[in-house]
Amino acid sequence: MSEKLDRESILYKKRHSIAHVMAEAVLELFPNTKIAIGPPIKDGFYYDFDFEKHITEDDLLLIEQKMREILKTGSPFVKEVITKEQALMLFKDEPYKMDLIRGLAITDEISIYKSHNFTDLCKGPHVDNMGKIDPKAFKLTSIAGAYWRGDEKNKMLTRIYGTLWNNEKDLKAYLKLREEIKRRDHRKLGRELDLFSVHEDIGPGLIFFHPNGARIRAIIEDFWREEHFKNGYDVLFTPHIGKSCLWETSGHLDFYKESMFEKMEMDKSNYYVKPMNCPFHIAIYNTGKHSYRDLPFRWAELGTVYRYEKIGALHGTMRVRGFTQDDAHIICAYEQVKSEVQEVLRFALYMWNQFGFADLKAYLSTKPEKAVGDKDDWEMSVKVLEEALIDLNIAYDIDEGGGAFYGPKIDLKIIDSLGREWQMSTIQFDFNLPERFKMTYTAEDGKEKRPFMIHRALLGSIERFFGILVEHYGGAFPVWLAPLQVIIIPVNNVVEEYALEILSLFKNEGIRIKLDNDCNMRMNAKIRQYQSKKVPYMFIIGEKEVVEGKISIRTRTNDQINGLELKEALEFVRLKVKNKEIL
């Protein structure tokens, strides 16, 4: 799969090697620093350090300069294999390396890499020598905190991030993209457009949607429900908590407890807030008996779930502790599986298209070594998923052994306006929960059979999808999603009566419109203000418009449409909303 870095690629090796060069530079400049780990990552590299003194962004230029000096030596990267005992002796003054070495078995191969005046515990691979790295093709980009081994109980280290490319041109292109990503950061735009907030004193990873953001969310959810009804789904509502016995039966307490919030003791029972909706949907299924004639059931829920994510992993609305999944479970018979999978795929493509996403990537994950379920069911399910992708002409990669232990899956990823991939839809077979909860239906031959269950999410989570939309559009939402679609700006109080007439007409037609009759701000200042708020249309009303009974429209991109009749202007906006146009 694409996010798995290609260890043999030249760029991977360069990024791994430059991380070692950075560590050497840091040790030369700050001699008492302790080193932890420094891997290559997507778009770059990082290294974690335990500094004696606090370092700042200003120190990065100094480190970069020292790195370039080291690169000029052209020193080779030389691999050596040593014993565990030798490794413990070699790194006796490096506590984080010692921690890693102690965790290795005595029989494990331990390799080190030497380069210039630096030696690191490392599996590689690396470039042959430093001459392979263009000294103008890298940049240190940021400093962050990172707990050792990702555990909040451990010491907070200093992580220095960098990026490296094959040449200076590629580096400049990446840095330009990075600036655009910063400009579109949903956390930044969330503040500027008054969309949402997070309150650390109330709880990290818990999202508060403000009126503007809540309006957009409501539009998304209303559209979601409407389309699900059209596609033969029933919508469910289930509780937010459940007794521990439910999570024991589902297996969550055995396999997922670390990601669950702590139990709550009430009425001599233990309760947990739900990390997933599946067991609740199964509980509804198991309230009665079902015949093959009843199948399939397509049950969907905008269900809020809670997962204990580490604080360091939280990120705006993208990675949170409480979020609303657009969850659905399809419960069907063997002979219905293929058509149901195909319909889910079609539905996913349609939904994305409505929100302005046309490019996608698909990944088919197959059976891992440890798995539950019948061998024939696995083979059939993988075949069905693959055939559905082929039938709909969806290109895909196969992730061999990448499926969950309980079933194969398709992961679908959209590509946003900045070329980034986002995991969105999942179509996942489950051979585990139907067995655990003893789900049955009466087949045509009168025998009790186990139904097939398909987990399915289209948007992933509402909060995360919201953040993706903000960044995809840079906050300039398509007209149908804009919290405020039209602002009326009268040039003076004389024309206010006509402005109120327009306001009433458009409001009655369901257009989200407001009147700004504040006399203390100049018109040009108002126009700039509403452009910065990314309101699609500004109706500028002067005495000429009153006399002629017309409207002049200015868009947020400064385009001008003059002299529209009232009904023409109304139809213009209505069509933009109906067709889900950007502007």
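Using N, Cα and C of the backbone, Cβ positions are placed for all residues, glycine too.
Pulled from Swiss-Prot, these are the features on record:
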{"type": "REGION", "residues": "185-478", "note": "region 'Catalytic'"}
{"type": "BINDING", "residues": "C278, H329, H455", "note": "Zn(2+) binding site"}
Protein Cβ atoms within 10 Å of H455 (Zn(2+) binding site), excluding its own: 23
Three-class DSSP secondary structure - H329 (Zn(2+) binding site): strand
For H329 (Zn(2+) binding site), the number of other Cβ atoms found within 10 Å of its own Cβ: 24
CB-centroid shell, 8 A cutoff, Zn(2+) site C278, H329, H455, site residues removed: M276, N277, H281, I282, D327, A328, Q428, D430, L433, M453, I454, R456
PLDDT averaged over the residues of the region 'Catalytic' (185-478): 96
